[in-house]
Amino acid sequence: MAGVNVGDDKLVFESSEAVTVAPTFEALNLKEDLLRGIYAYNFEKPSAIQQRAIIPIIRGRDVIAQAQSGTGKTATFSISMLQSIDTNLRETQALVLSPTRELAVQIQTVVLALGDYMNVSCHACIGGTSVGEDIRKLEAGQQVVSGTPGRVFDMIRRRNLRTKDIKMLILDESDELLNKGFKDQIYDIYRYLPPATQVVVVSATLPHDVLEMTTKFMTDPVRILVKRDELTLEGIKQFFVAVEKEDWKFDTLCDLYDTLTITQAVIFCNTRRKVDWLTEKMREANFTVSSMHGEMVQKERDAIMAEFRGGQSRVLITTDVWARGIDVQQVSLVINYDLPTSRENYLHRIGRSGRFGRKGVAINFVTVDDVRILRDIEQYYSTQIDEMPMNVAELT
């Protein structure tokens, strides 16, 4: 592995071979209309992962790209796809798979924004929406399809999503996708794709078993990985609050509300039931909160996301369905009401605050039973999680 120091970004990158570092978007030799879209999107210079991963993807190599939450991973593969697409061919040429519907829609938004001057078509193919509408859109020809595995496989099986011209498969948040839940569907989809399809795997965390699985459908991939010790985001202050028992968490949360001048905050619980319970209890105590989880119908989830994005709702209580990749600029505080069930999800959750290097605060509610889990997370990421100080309001 060739180590490349990023300088200002204070990250040590590793790659499996020498990777060209492109300091500017011009250095990537992109199509003129794509470059216009990038600048219109207010990107000035490529982020560290974009500087390294876009060129090998454009050259047709299989790539495993790992970077922190909030470093511009979505734009990395969106730019690469848009550069590779033949805009005169009204057939699906790139397929992006995501673990959640919200992430699939967000990717569609980014692709359409960056491809604004290219007359590119991109469809979000997700569960919870009209199958008839999907079929109509796909029949018309969509150059990029961004979707969730279940609905995408359904559309391929029905022959509404034609795969013969697909040349690129992107697996976003691949650790979650390749975990038990989606693994079989990914393999089913992969079998329908042309043999020469280029595969790009993108994620903040790549546990060993995921890397093993990628060997099954990637050929000599270029690996661009951040060293694990660097993975807890710089600029995010992490604290814990010791709560002797579960019942005390609610009072602690209410106390925090009074002391924190919040721009926007996300509160994570481990189950849908807990989200509903906490939302109800907060409202009874006259706090304004909104909530979202995977059991809600798609229309409701969209409306809640739009409200939160627009700033009408300031506090969102949710499950891990929200933790991966959802980009809301104003979030400065994350509270883990429940500690996450996996170390990887801890990173995805706290990566929500302070995107693109802006400051943020993460507060973990820790019962006696949770101490071991917290110490494990701390050790795994070589980070420090201190007891929350009294002046926490000044830190956000």
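Any Cβ shown, glycine's included, is placed from N, Cα and C.
Annotation comment: Swiss-Prot describes A67, Q68, S69, G70, T71, G72, K73, T74 as ATP binding site. A helical conformation is recorded for T74 (ATP binding site) in the three-state DSSP classification.
Per Swiss-Prot, domain 'Helicase ATP-binding' is recorded for 54-224, and the stated evidence type is sequence analysis.
Look at Swiss-Prot and you will find 235-396 tagged as domain 'Helicase C-terminal', backed by sequence analysis.
Summarising model confidence by region, the motif 'Q motif' (23-51) averages a pLDDT of 90. Here Swiss-Prot flags 23-51 as motif 'Q motif'.
According to Swiss-Prot, the feature motif 'DEAD box' maps to 172-175.
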